[in-house]
Ligand code: NDP
Ligand code: MG
């Protein structure tokens with residue numbers, strides 16, 4: 001088992017749960033990073049005593065440095081310092097738990113140092129999956145997914161040496177808080193409605209993505225990259241109980257699934273202990289007292305983001321980076337209560353229609369596609385409000 005970790009995004013939902021798991025497993029913590037939450041970062045530093053703490057916001061870093069004067073924790077500022085946290089020599093595993101494609105450069109840097117990547121930050125794989133995976137192959141770095149669906153698939157694939165044995169992956173999806181509603185009702189849903197997710201407590205960006213089904217769309221792309229499969233072999237089923245975390249159907253017709261309570265600490269723990277399994281103190285899944293398990297086709301008409309993501313996956317090249325960049329900006333506007341629910345998919349569709357796609361892109365081309373998509377969303381929004 002690995003015993004020293006670095007966490008990018010330690011103050012977030014995944015970051016905090018990773019620290020719970022680290023405590024349970026007795027892991028050392030070499031570096032922690034956050035954006036602006038000084039209060040929580042100070043608390044985490046006092047408890048886990050990392051050598052390095054990074055705040056990407058300069059003012060927050062200054063304040064943290066003052067607060068931690070009586071400790072030996074070194075404080076760095078700025079987005080570039082995420083790379084320092086990612087390559088810190090003591091850490092064998094880097095947990096990528098920042099939100100958004102801001103985690104990409106640090107992830108690549110950690111891969112080049114041959115760290116194990118416990119990957120939660122799905123936006124990096126969506127934007128630059130081919131690059132990240134080929135760099136991991138070249139450097140011999142392991143990527144172990146933390147996203148519950150991909151961890152489920154990863155677990156089901158243990159012992160499968162030949163990917164040609166896979167007929168298809170089946171990603172399960174809770175359906176989000178608006179499952180079963182019609183378009184008119186969904187169109188009236190606000191920020192507060194979207195932030196009430198039935199089965200999981202997560203950061204605001206991914207919670208909105210769950211309500212639009214963009215999260216599932218991003219996960220389809222994430223699965224295609226992680227397991228190097230075409231879109232035709234990655235399907236989605238709505239499973240409102242969130243007990244089956246995903247499945248693999250093999251060519252002989254066997255279907256393997258991983259079941260569990262909806263608790264991210266299980267996939268996080270597995271990413272730390274893999275190929276072994278660590279002791280979990282939480283109560284086990286109680287199937288005798290669980291609701292019946294049901295499965296449904298997703299509603300791509302009411303939730304067009306899933307279709308938009310599948311179309312971007314089919315288009316390849318920078319299309320997924322454009323999709324993701326546009327979605328990050330649109331969700332930001334929705335969280336600021338500046339746009340309505342269907343404006344998210346409209347703005348993403350507009351960015352995809354206007355930003356040209358480049359095939360087999362370099363890192364620079366991916367970053368510039370991301371930038372162009374964000375600009376397209378900002379200017380479509382500005383046009384509408386002028
Ligand atoms: P949160 O919003 O809860 O946490 C985000 C973390 O990233 C915080 O530490 C935050 O710092 C930091 N951060 C935010 N913006 C920036 C920035 N611009 N630069 C650097 N750091 C930043 O997100 P989640 O934990 O929910 O999600 C993290 C990632 O994991 C996402 O990619 C998400 O899709 C993925 N994921 C999450 C799941 C979940 O259950 N939450 C499940 C599966 C995947 P600060 O606190 O200072 O703002
Ligand atoms: Mg998931």
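Note that Cβ sites are derived from N, Cα and C of the backbone, with glycine treated the same way.
Automatic prediction, not curation, is the source of TrEMBL annotations.
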Note to self: Given that TrEMBL assigns 147, 149 to the Mn(2+) site, pick the one from 63, 90, 92, 219 that the record assigns to that site as well.
What the structure shows: 219
Next item on the list: Quick one: which of 187, 203, 217 does TrEMBL put in the NADPH site with 11, 12, 13, 14, 37, 121, 123?
Entry: 203
Check: How many other Cβ atoms are found within 10 Å of the Cβ atom of residue 147 (Mn(2+) binding site), counting all protein chains shown?
Finding: 28
Notebook entry, point to check: Of these binding-site residues, 122, 216, which scores lowest on Cβ atoms within 10 Å?
Noted result: 216
Item checked: The one of 12, 203 whose CB sees the fewest other CB atoms within 10 Å, among these binding-site residues -> 203
Check: Does DSSP give residue 203 (NADPH binding site) helix, strand or coil?
Finding: coil
Next item on the list: Determine the mean pLDDT over the domain '1-deoxy-D-xylulose 5-phosphate reductoisomerase N-terminal' (5-129), rounding to the nearest whole number.
Entry: 98
